[in-house]
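**Student:** So Swiss-Prot says this about it:
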type: BINDING; residues: Asp29, Phe30, Asn31, Arg45, His69, Leu70, Gly71, Arg72, Arg125, Arg158; note: substrate binding site
type: BINDING; residues: Lys209, Glu331, Gly357, Gly358, Asp359, Thr360; note: ATP binding site
Amino acid sequence: MLAKMSFMQNVKNIQEVEVSHKRVLIRVDFNVPLDENLNITDDTRIRESLPTIQYCIDNKAKDIILVSHLGRPKGVEEKLSLKPFLKRLERLLNHEVVFSQNIVQLKQALNENAPTRIFLLENIRFLRGEEENDENLAKDLASLCDVFVNDAFGTSHRKHASTYGTAKFAPIKVSGFLLKKEIDSFYQAFNHPLRPLLLIVGGAKVSSKLTLLKNILDLIDKLIIAGAMSNTFLKALGYDVQDSSVEDALINDALELLQSAKEKKVKVYLPIDAVTTDDILNPKHIKISPVQDIEPKHKIADIGPASLKLFSEVIESAPTILWNGPLGVHEKQEFARGTTFLAHKIADTYAFSLIGGGDTIDAINRAGEKDNMSFISTGGGASLELLEGKILPCFEVLDKRH
């Protein structure tokens, strides 16, 4: 894993190439959450892209073209347009931003002579061929720029036209500040970390994190497994989790993982009690029970107070902490205590804390602890693939130092 991260660290950064009087296309990640009125509820990803954009402004780039996706549109969907982002961008950058409906319109605007201009292209996923990595679309985007900058870590594990494809055909292709910060932070967490190194994994499914868990056992010292995925491990150990969500097909995998952890001397911690309910969506009866005594027909929705105490003690002894995935159904206030408590606990330590996953970041924001974590990754799937020991495809096509 470290060798692959080192390979990705060898990618050239925007500071290593000339951007003055150049046309720069930056693949940013503005895939931010919106409320029902299409207002941005968390602009973290937009703010994280600002240093790269500002660097181009300060170094007098001729034109700056911002390309991003938003959501998963099926064709053109007005509710997923990037046009409403203009005012937020202009306020954050203190600079005019021109919206381009499509590439043809953008090309026409680029032919006009003017001082540094910033263009925001409409949601790239409105264009057919983006997610299929269409070569013609990639060449079209590459033709717009002298320098291509990938600053969208969250999509770097996907071979899409605006990330992987454009980089293949652009004359110069480098990473932005955010991409560099992401890789450097992950490398810091694993390259001679202060030990014990603790990994906390939560979320709904074992299947989504099984590869990660198998690959990371050689690098960690302690492992907390919580969230709905812990139900499968509890059942594998013989506990009756009643109506809780379980991936029965992965029972043997769970047992093999626990055995492997034991052989590698990785201490594994599972919940010892739980907050349960008869109905997670409309809870009428909520109970706290030891995991060996779950109420019939109840579902586990959060970790209980005894688990909180146990996990707190583990966290207090760990100078390096990685966390990916909530500990319960944190979207509902009744079952958010475990995840919120964990966020506060990690924030109160002196540990180097690296946080990944959209649900985890959302929980940390709700807890008001965003500024008290060492590093919060903007990538969900990309973070997982990195931890699984994979080289993210978009790094392969960027220019290397040697």
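FYI, residue positions are counted from 1 along the chain as it appears here.
Each residue, glycine too, has its Cβ placed from N, Cα and C.
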**Student:** Across all protein chains in the structure, which of the binding-site residues Gly71, Gly357, Gly358 has the highest Cβ count within 10 Å?
**Tutor:** Gly357
**Student:** I want to check the contact list for Asn31 (substrate binding site): same chain, sequence separation of six or more, C-beta distance under 8 angstroms. What comes out?
**Tutor:** Arg45, Ser68, His69, Leu70, Gly71, Gly154, Thr155
**Student:** C-alpha of Arg125 (substrate binding site) to C-alpha of Gly358 (ATP binding site): distance in Å?
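**Tutor:** That separation, Cα to Cα, works out to 20 Å.
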**Student:** Please report the Cα separation of Gly358 (ATP binding site) and Asp29 (substrate binding site) in Å, rounded to an integer.
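**Tutor:** Given the Cα positions, Gly358 (ATP binding site) is 13 Å from Asp29 (substrate binding site).
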**Student:** Return the residues near Asp359 (ATP binding site), defined as same-chain residues 6+ apart in sequence whose C-beta is under 8 angstroms from its C-beta, sorted by sequence, else 'none'.
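**Tutor:** In sequence order, Gly203, Gly325, Pro326, His330 meet the Cβ cut-off.
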**Student:** Name, in the order they occur in the sequence, the residues of the same chain whose CB lies under 8 A from the CB of Lys209 (ATP binding site) and which sit 6 or more residues away.
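**Tutor:** Val201, Gly203, Met229, Asn324, Gly325, Leu384 - these are the non-local Cβ neighbours of Lys209 (ATP binding site), listed in sequence order.
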**Student:** Measuring Cα to Cα, tell me the gap between Thr360 (ATP binding site) and Asp29 (substrate binding site) in whole angstrom.
**Tutor:** 18
**Student:** Name the residues of the same chain, 6+ apart in sequence, whose Cβ is under 8 Å from the Cβ of Asp29 (substrate binding site)?
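**Tutor:** Within the chain, Asp29 (substrate binding site) has Cβ neighbours under 8 Å at Arg45, Ser49, Ser68, His69, Asp151, Ala152, Phe153, Gly154, Thr155, Thr378.
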**Student:** The record names Asp29, Phe30, Asn31, Arg45, His69, Leu70, Gly71, Arg72, Arg125, Arg158 as the residues that bind substrate; what is their largest Cα to Cα distance in Å?
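**Tutor:** Roughly 18 Å, rounded to the nearest whole number.
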**Student:** Any idea of the Cα spread of the ATP site, Lys209, Glu331, Gly357, Gly358, Asp359, Thr360, as a max distance in Å?
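**Tutor:** For the residues that bind ATP, the greatest Cα distance is 21 Å.
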**Student:** Neighbours of the substrate site Asp29, Phe30, Asn31, Arg45, His69, Leu70, Gly71, Arg72, Arg125, Arg158: Cβ within 8 Å of the Cβ centroid, same chain, sequence order.
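**Tutor:** Apart from Asp29, Phe30, Asn31, Arg45, His69, Leu70, Gly71, Arg72, Arg125, Arg158, the close residues are Ser68, Asn123, Gly154, Thr155.
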